[in-house]
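Taken verbatim from TrEMBL:
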DOMAIN    C:6-135  domain 'tRNAHis guanylyltransferase catalytic'
BINDING   C:ASP29, C:GLY30, C:ARG31, C:ASN32, C:PHE33, C:HIS34, C:SER75, C:ASP76  GTP binding site
BINDING   C:ASP29, C:GLY30, C:ASP76  Mg(2+) 1 binding site
BINDING   C:ASP29, C:ASP76  Mg(2+) 2 binding site
DOMAIN    C:138-253  domain 'Thg1 C-terminal'
Number of protein chains: 4
Amino acid sequence: MAKSKFEYVRNFETDDTCLRNCYIVVRLDGRNFHKFAEQHKFSKPNDNRALGLMTRSARSVMEELEDIVIAYGQSDEFSFVFKRTSTWFKRRASKLMTHVASQFSSSFVFYWKEFFGEQPLLYPPGFDGRVVLYPSNRNLRDYLSWRQADCHINNLYNTVFWTLVQKGGLTTVQAEDRLKGTLAAGKNEILFSEFDINYNNEPVLHRKGTTLIWEKREETVTKSMKLPNEEEKDVAVTRRRKTVEAHHCDIIGDQFWEKHPDILEDDTC
Amino acid sequence: MAKSKFEYVRNFETDDTCLRNCYIVVRLDGRNFHKFAEQHKFSKPNDNRALGLMTRSARSVMEELEDIVIAYGQSDEFSFVFKRTSTWFKRRASKLMTHVASQFSSSFVFYWKEFFGEQPLLYPPGFDGRVVLYPSNRNLRDYLSWRQADCHINNLYNTVFWTLVQKGGLTTVQAEDRLKGTLAAGKNEILFSEFDINYNNEPVLHRKGTTLIWEKREETVTKSMKLPNEEEKDVAVTRRRKTVEAHHCDIIGDQFWEKHPDILEDDTC
Amino acid sequence: MAKSKFEYVRNFETDDTCLRNCYIVVRLDGRNFHKFAEQHKFSKPNDNRALGLMTRSARSVMEELEDIVIAYGQSDEFSFVFKRTSTWFKRRASKLMTHVASQFSSSFVFYWKEFFGEQPLLYPPGFDGRVVLYPSNRNLRDYLSWRQADCHINNLYNTVFWTLVQKGGLTTVQAEDRLKGTLAAGKNEILFSEFDINYNNEPVLHRKGTTLIWEKREETVTKSMKLPNEEEKDVAVTRRRKTVEAHHCDIIGDQFWEKHPDILEDDTC
Amino acid sequence: MAKSKFEYVRNFETDDTCLRNCYIVVRLDGRNFHKFAEQHKFSKPNDNRALGLMTRSARSVMEELEDIVIAYGQSDEFSFVFKRTSTWFKRRASKLMTHVASQFSSSFVFYWKEFFGEQPLLYPPGFDGRVVLYPSNRNLRDYLSWRQADCHINNLYNTVFWTLVQKGGLTTVQAEDRLKGTLAAGKNEILFSEFDINYNNEPVLHRKGTTLIWEKREETVTKSMKLPNEEEKDVAVTRRRKTVEAHHCDIIGDQFWEKHPDILEDDTC
């Protein structure tokens, strides 16, 4: 039962260290979530309980892996960005992505009740992930812009599609036909002229997705203190804490990044 | 909001296809499970509820990913072996390992209650994973032997250690000192002469870990059938089904493999 | 001028160790050899001087890197196979392929004169290379068969094409048109019925390419020895030496491999 | 002889595309050049013929692969830097490094005579190579600084060492002992006080190595032209051409880079 005789098998492991000085992005995607959504009666086009649970799970990942500087989610996907200089898991890609996938998935089941109440989770869901590296701030921002543009395109489509079905009385096949070949302007027009809906007034959560970042918070807590030769008394103490905060805003333009200059590191390093 | 302008970022993804004609092993390890075990009051040296839950979660992974031909688990780790010729996820390493990690983790929380009853899960646990390739049957068997030898070495140590503490009244520090430098024979001797325990009679689940394989089962089910011009009647129908079965036996020697010749593919392919 | 301040850049190197227990194949291909052949007036369809020089350069590589167990070349390409268990360069892919490419290229220029005599080499030629891993003997043999089948297909085409041009008086465009859509049988037929050429009697060097392997040779050398109390006298001494030998035979079938059982290692290792 | 039956072996090739938007550095190192230098009687501590040949070979590589924006060489090594946005060979690492290694090696033999005249090259030399990626201008400059600092450290050592041997009459063992533990200042002092040599007056080629870059040159050539209804006459025509130019200067400080702003691309892309 000598272990040493077999230990040579360890040498078959390969090193998958991520290139230094690059942002490490781990993106998770739900597996068969179309079916999952149907079986769990998600409301259409967006289910706020599901979106809340995704965000809660992503927050759990960020709190576990502090080197994640920003996360962005929409629909059944979430992207996590590790800072350029992170040495978490010695930058081993496999460890980083499996830990994120694992923590997200266990959290999804763990927090289910908080969002779906008594509606039972029918089976344990699956997510798959990948790692992508981005060498510059521009590349990283373009990645996040790509995902947010994807959110917009899908949400506009889904909003019109389900409005045609739910309010317009079309079948799903008819709605699909109606939208074939339409551009953004055409879809906005259908919503506005036929259903009196201004797409820009739709919830930002649905239009912009969810961006999680670390923010410093000042908290004032009351502590009872007793100084020498004095009576005990209540004192207000101010603490600074970093917490994960959610934003539902545009991250394609410069404004968000100018307001939060600490997220990205300097390109010239 | 043109998506196309940003889509170039897709080209930063790298191809991580696993070499063909090799077994793909995904191994998961619990993160901070020492602390997790303490916080959830796992019994020592082995907690059958936890082992049962690990196995249940592994079974859930195998049922989801049918190309896994064998899985082996012990303590807080589980290894999953994809068949040599698997084309699951186009053999992309990242997809394979994240899906396994995700499915295992969501199952771990989902099935918690089945094994721990009313004892609550305090927080969502995390696992990390890795992928290793093995080109030959010998290499793969040596990998599994390595893990089972590890199981044996750890379980023997833990059994003596906790017997010294729980029955011998030693502190954990004293027990550690007592075992320093002892070989397997010495540990067996302590158990036998001082506590009248024959290690070989300890539960196989603890000594050998858990091996999961697919087995063909014949089931006889009763169906009511109605042939033309006849009355409806009950008929016994025999179906063959593949199910995941657990074994707690030696997988280092040849016997297990001779009994289950379908697990491994031919080396000469 | 402190070196240490900059040395962090070493950590950007990645590990590209080849998976253990796999054959490592390095294939080189001439760059722009169509143009190179024209500028150096290679005879068509095959130039024996060029083929000789390719083989001489490959032999130089094998003599430098003894873990290469077999090499196969045709036209302007050569493949080198490192044994499964090789630890040359710690199996680092980049080192293996660049050393092979470098040694081959410097040899090509170094030995030019031996094959081309006074005809000058006009400029230093370039080759590019790649590494491919094969886990089983079957895979490796299929790789070599693929290259030899390629040799056959190209040589048959080129033989007919240049016969049509050189003996049939066709222009290259007419010859190309004539061959469009023809199968092997059709090409053989043109050669036989129109030019009285039996393709199977063409030189094996052209039809089968060149296979280099290590062979043990017995050499008898005469040494003058002087034993105590005896006169010096000449003694025949037999030495065994491994030398690189060239073969021009079929390597797709089993015969070659049965005759040289030492080339491949056992699959069951 | 069906090729298709074997063609599946192509799928064993792996994709080794270099991450986008990173500088690709290929570094070559001479193999066993200590022995090569001795056998070819290189002068010590530096052989200008050998350094000239290295630079000539590197120039040949740059002229072949235009996406190389800068190359730096010293002793028996040369580094080649491909621009961040290069798509040469689709950024395939194996192709890039083998082509560089091949072109350099064939050039080394091809141009030998230009530098060594009638002294024969005894055997074809070998170089090995590697690829390293650098995401930022700072990283790349630090890489080049690392190599130039290495040049300085080695050249200072070698200069003192061989002065002690050649002029001081020490054996190599004595010289080694003498230098053990000395710092840069101590070595400079030995040169200055014992041999009246100011290290800073040593040739820049030896102290700084060789940097190759592309520079735009204006050339005035005389062409004979004939306009309609005019006599033929000679006309001076100015052409701009890019040529590879050698520098032997400091590349650690900013001056070189400010003078040649076109070498590096913008970090904020």
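Positions of Cβ are set from backbone N, Cα and C atoms, glycine also.
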Could you put numbers on the helix, strand and coil content of the domain 'Thg1 C-terminal' (C:138-253), residue by residue per DSSP?
57 helix, 31 strand, 28 coil
Taking C:ASN32, C:SER75 as the binding-site residues to compare, which has the smallest set of other Cβ atoms within 10 Å?
C:ASN32
Identify, in sequence order, the residues in the chain of C:GLY30 (GTP binding site) that are 6 or more apart from it along the sequence and have a CB within less than 8 Å of its CB; answer 'none' if there are none.
C:PHE36, C:ASP76, C:GLU77, C:PRO125, C:GLY126, C:PHE127
Three-state secondary structure of C:ARG31 (GTP binding site) from DSSP?
coil
Using a 10 Å cut-off, grab the number of neighbouring Cβ atoms around the Cβ of C:HIS34 (GTP binding site), all chains included.
10
Just give the helix, strand and coil counts over the domain 'tRNAHis guanylyltransferase catalytic' (C:6-135), going by DSSP.
57 helix, 31 strand, 42 coil
Other than C:ASP29, C:GLY30, C:ASP76, which residues of the same chain sit close to Mg(2+) 1? List them in sequence order, counting a residue when its Cβ is within 8 Å of the Cβ centroid of the site.
C:LEU28, C:ARG31, C:PHE33, C:SER75, C:GLU77, C:PHE127
Starting from the Cβ of C:ASP29 (GTP binding site), draw a 10 Å sphere and report how many other Cβ atoms land inside it.
17
For chain D, which of the binding-site residues C:ASP29, C:GLY30, C:ARG31, C:ASN32, C:PHE33 fall under 8 Å by Cβ?
C:ARG31
Taking the Cβ of C:PHE33 (GTP binding site) as centre, how many other Cβ atoms lie within 10 Å?
18
Do any residues at least six apart in sequence from C:ARG31 (GTP binding site), in the same chain, have a Cβ closer than 8 Å to its Cβ, and if so which, in order?
C:PRO125, C:GLY126, C:PHE127, C:ASP128
Quick one: give me the count of other CB atoms within 10 A of the CB of C:ASP76 (GTP binding site).
20
